[in-house]
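Read through the structure below, which is laid out as structure tokens, and then see the notes.
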Amino acid sequence: MDITITLDRSEQADYIYQQIYQKLKKEILSRNLLPHSKVPSKRELAENLKVSVNSVNSAYQQLLAEGYLYAIERKGFFVEELDMFSAEEHPPFALPDDLKEIHIDQSDWISFSHMSSDTDHFPIKSWFRCEQKAASRSYRTLGDMSHPQGIYEVRAAITRLISLTRGVKCRPEQMIIGAGTQVLMQLLTELLPKEAVYAMEEPGYRRMYQLLKNAGKQVKTIMLDEKGMSIAEITRQQPDVLVTTPSHQFPSGTIMPVSRRIQLLNWAAEEPRRYIIEDDYDSEFTYDVDSIPALQSLDRFQNVIYMGTFSKSLLPGLRISYMVLPPELLRAYKQRGYDLQTCSSLTQLTLQEFIESGEYQKHIKKMKQHYKEKRERLITALEAEFSGEVTVKGANAGLHFVTEFDTRRTEQDILSHAAGLQLEIFGMSRFNLKENKRQTGRPALIIGFARLKEEDIQEGVQRLFKAVYGHKKIPVTGD
């Protein structure tokens, strides 16, 4: 049988055996090589192509392994009988335009994003040292499947940490580690009653809202008052599960006082199977005031599901979060029996070493002071540039705050101009859970300062001024 194979012998080309393999596969699929026909012997094809027998043998062995050829002892290799494809071969696959990702190079942009941490000040060398120690100490653990809830010693380290820093009352057995809060929330929806009605803060965390909706859950929204979730609205709407961010309401920045926390706990205790999901968002960083302990620390009825993450205190890319389940839900979890751990064992063990070595608390202390100074410089620059035409809210905690501006421009106008000025920033409407809710009052923007470089503060504020007013301020009233 004559087979014509043209080989590319340039340095950039695929290996010779791969080219032979690809050509023969194509000939078989196109029926140019018919089923049960004999292909040339390895030596014959090698001589024809002026290549080594090993190259031809590697190609034949791959085709044999994939089922394109079969071998008969002392007779050689033959083409396997394959069904014809039911469709014609198309040109190289092209993704529809609406599914393509558009990459925008923002390396030269100034970022007021609320979704980041300050990577420039992350102690990467300390983290790598801890990783090396963890790998050396527990390398056998890396060869095993991790416990579904996470490695016990890691859960114990996190339990001690949140008991000390947040007042959370729990045992390691109650904790589940996962690769992000959304992963844990998805799991939680499967543990809570199927018919449970959820309620979230409005405005709030839209991704979590969409996760619940996509899971087929009924989700109500609760407007905020000056203390957080409105008790009157909760009483009126009668949900079964509240999702709240009491330490630093996302995105408004409100810190829920103890009086409202007690009201929420009493509400949960009024009826069986009511729960509060406490997303302890941004709890590590408070300024000018001491941290208020977690809502879970006040819980006397085991109705609070506590959720925490290391995305803000360390790095979002580590993807390590955790939740603490009340005994009733922990029992439901253990009865499932089919869950797998989603977080890397090495990341878990490195975190354990980072916490137990004291590096974590050292890092938090350093970053708290760093973020406080950066925040103060940013607010001072905003107030100076906008001459009293800006209101700052929710700046006592977390890595972002809310700003409202006296301007005729709408939020969308401001965001459009900001993008043109290479300024990354987001508006409050992004966090409206109800899509038909329209902007009322002054436009409000979320100002994140974690990623913002200190040397870019003044320039960033000046760009923001141009986005809000243009080159010349446009007053709200008057001509």
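Here the Cβ of each residue, glycine as well, is placed from N, Cα and C on the backbone.
What Swiss-Prot lists as domain 'HTH gntR-type' is 14-82.
Panel annotation: around the DNA-binding region (42-61), residues 3, 5, 7, 15-18, 20-21, 24, 69, 77 of the same chain, lying at least six beyond its termini, place a Cβ under 8 Å from a Cβ of the stretch. The DNA-binding region annotation in Swiss-Prot covers 42-61.
Summarising the annotation, Swiss-Prot assigns N6-(pyridoxal phosphate)lysine to Lys312. The DSSP secondary structure for Lys312 (N6-(pyridoxal phosphate)lysine) is coil.
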Suppose we draw a 10 Å sphere around the Cβ of Lys312 (N6-(pyridoxal phosphate)lysine). How many other Cβ atoms does it contain, all chains included?
21
